[in-house]
Amino acid sequence: MPRALWTAWVWAVIILSTEGASDQASSLSCDPTGVCDGHSRSLNSIPSGLTAGVKSLDLSNNEITYVSNRDLQRCVNLKTLRLGANEIHTVEEDSFFHLRNLEYLDLSYNRLSNLSSSWFRSLYVLKFLNLLGNLYKTLGETSLFSHLPNLRTLKVGNSNSFTEIHEKDFTGLTFLEELEISAQNLQIYVPKSLKSIQNISHLILHLKQPVLLVDILVDIVSSLDCLELRDTNLHTFHFSEASISEMSTSVKKLIFRNVQFTDESFVEVVKLFNYVSGILEVEFDDCTHDGIGDFRALSLDRIRHLGNVETLTIRKLHIPQFFLFQDLSSIYPLTGKVKRVTIENSKVFLVPCLLSQHLKSLEYLDLSENLMSEETLKNSACKDAWPFLQTLVLRQNRLKSLEKXGELLLTLENLNSLDISKNNFLSMPETCQWPGKMKQLNLSSTRIHSLTQCLPQTLEILDVSNNNLDSFSLILPQLKELYISRNKLKTLPDASFLPVLXVMRISRNIINTFSKEQLDSFQQLKTLEAGGNNFICSCDFLSFTQGQQALGRVLVDWPDDYHCDSPSHVRGQRVQDARLSLSECHRAAVVSAACCALFLLLLLMGVLCHRFHGLWYMKMMWAWLQAKRKPRKAPRRDICYDAFVSYSERDSYWVENLMVQELEQFNPPFKLCLHKRDFIPGKWIIDNIIDSIEKSHKTIFVLSENFVKSEWCKYELDFSHFRLFDENNDAAILILLEPIDKKAIPQRFCKLRKIMNTKTYLEWPVDETQQEGFWLNLRAAIRS
């Protein structure tokens, strides 16, 4: 029994292991190019079965703990390997030995406590290596990177345990585009540890305290282009002039990100600008100034300028003691050489007039996302303020009057570019005043609903996107670029208003079509962006857009952003792919063909009706339907006549002088119905015929050549035919007044023809001796 349980347990383990491997393999998705994605799949190991076809493998954000030398041995063509954000604590020595084509390796944020140079000894083409966020204290006993001659981006260190940097750590590296060192708790920095790197484009240092900052600067100041300091408290920073005063420097840019200053440490940083003379650009991003701006008591007055700094950028500056902050007048003299200033999202509501006047070299000023209003702008743009300013950005402030803002900026004689977007102007006055050299104006997202002559005629670039505009009818003779997306325009602007326009972006309006003629009217247009509109995919529009091979060179967002909105059966399709039927595109031709076909059909029907007496059938059908409304057969008491006599007018002498005399003068007399005598005046003649036939016991047809040719006799014959057909009786009496060919009787009167073929008809004898017998037979036929 125990042996059986043991066997069952072993089989269960094997099955579960197989299922686990199968689940892991299925959780890895690969495309035909060899890019495999296993990101965030809860994997606890590297999936098996990886082959040489894998070129990119993303296994980040899983639960992998171990990398063996067999896991990746078949991935000889692998170029990108992402193993970040796992639980890896062990990597075997030869785990990456077969990855000779690897260019990108990410092992960040794992649990590696020791690093080995053997991991990288075959990675000759590796360009990117990220080792951030692991548990190691140092970069190993030997040089990790000596076998990586092509490495360009290196990220090392962590926020807690990494405490030492030694001289051997970066041996073998000569050029790096980016080096990031996370060393918040750095305690030991051996001098010249970074000096072996001959050139570093961008160095990112995470240092909690600035104790070793100057030592690091001494080593890199001659080989570094950009230094970025992150997450540092500079309260105790002190700059020693002697340390780098005699050295050549190559640093051009300093970035302080999430750094804390005091008044004192800020002065020390300003000193650094003077002694590291190559610095041209300084950026403060998300920094905190724990002071009140009191620099007078410090040595700042002995510093005459900010070195060679030309560009100053400040974003999200936080000043806890903002309401105690002083007027900064002590730093005014330092700003004379600055050409570009950006102070963004820092609650700036005023630039003092005196400071504006000291910024004599300023060419670019960006005060976006602050609290500037017309009242404070009046003080900032005072006389002699910013004398060389060319570009002013006041995006997302508290400006409300377009007219007043333009008037306040008249002091800026050299201003040619103004961005006042994301302010709530709502409307535009009819006239405005602007600096005379204005060439570029940004009024996007200002909620304006119409454009007026307020805009300067000197404009070359105009941005009025994301507003409520429904038309554009301004004449701007010098405008070269127009940005008018996200409005309510229904058509392209008139080209005559914009004679030199070269770039137009008019996407996401309510334009439903445009034509070749419209585009050709913009003679200098090189770039058009008109996607995101609700296009009516008419035949003309599709023919134009699909037939112009050069259209893609003008429409920069063609074809992916151009979709049909109608007709409904192509809605959502790309304009390039939409197809319409022949009837939709050639409606006139189809209608003409249909009309011709209908005409031919009607003509054919007319011929057939004539040939087969269709008109007669329709007339008879109508009359028959009218007659059907009456009683099917007249009751006996409604019979008024013994016989209705149908005859030709030319045979009236025989009927009226012979037949009437013989029948109505006979005893007992017969009552005959004659149309001349008995038809009701004013009544429709067809109704008279129908009523007379129905009120007569018999119908006598006096057949002759004249009868066959008579139109009304035909009607009487027709209705008699219907009566014979409908009532199935023998009410007809045929009298041949003169010999007549049976073929003269129309073929459609089949029953009457049958009567003539199957019954004896009465023939008027020429011989007078036989006429008495004729009348006798006629009287007998009427009585039958």
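A Cβ is built for glycine as well, from the same backbone N, Cα and C atoms used for every other residue.
According to Swiss-Prot, the protein has these features:
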CROSSLNK  LYS754  ubiquitin cross-link
DISULFID  CYS30-CYS36  disulfide bond
DISULFID  CYS353-CYS382  disulfide bond
DISULFID  CYS432-CYS454  disulfide bond
REPEAT    176-199  repeat 'LRR 6'
REPEAT    309-337  repeat 'LRR 11'
TOPO_DOM  21-587  topological domain 'Extracellular'
TOPO_DOM  609-784  topological domain 'Cytoplasmic'
Please report how many Å separate the Cα atom of CYS353 (disulfide bond) from that of CYS30 (disulfide bond), as a whole number.
63
Counting only residues 6+ away in sequence within the same chain, which have a CB under 8 Å from the CB of CYS30 (disulfide bond)?
CYS36, ASP37, GLY53, VAL54
Among the disulfide-bonded residues CYS36, CYS382, CYS454, which residue has the largest number of other Cβ atoms within 10 Å of its own Cβ?
CYS36
Those residues of the chain, 6+ apart, with a Cβ under 8 Å from that of CYS432 (disulfide bond):
LEU402, GLU403, GLY406, GLU407, CYS454, LEU455, PRO456
For CYS432 (disulfide bond), the three-state class that DSSP assigns:
coil
Averaged over the whole of the repeat 'LRR 11' (309-337), what is the pLDDT?
85
Including all protein chains displayed, how many Cβ atoms other than that of CYS353 (disulfide bond) lie within 10 Å of its Cβ?
16
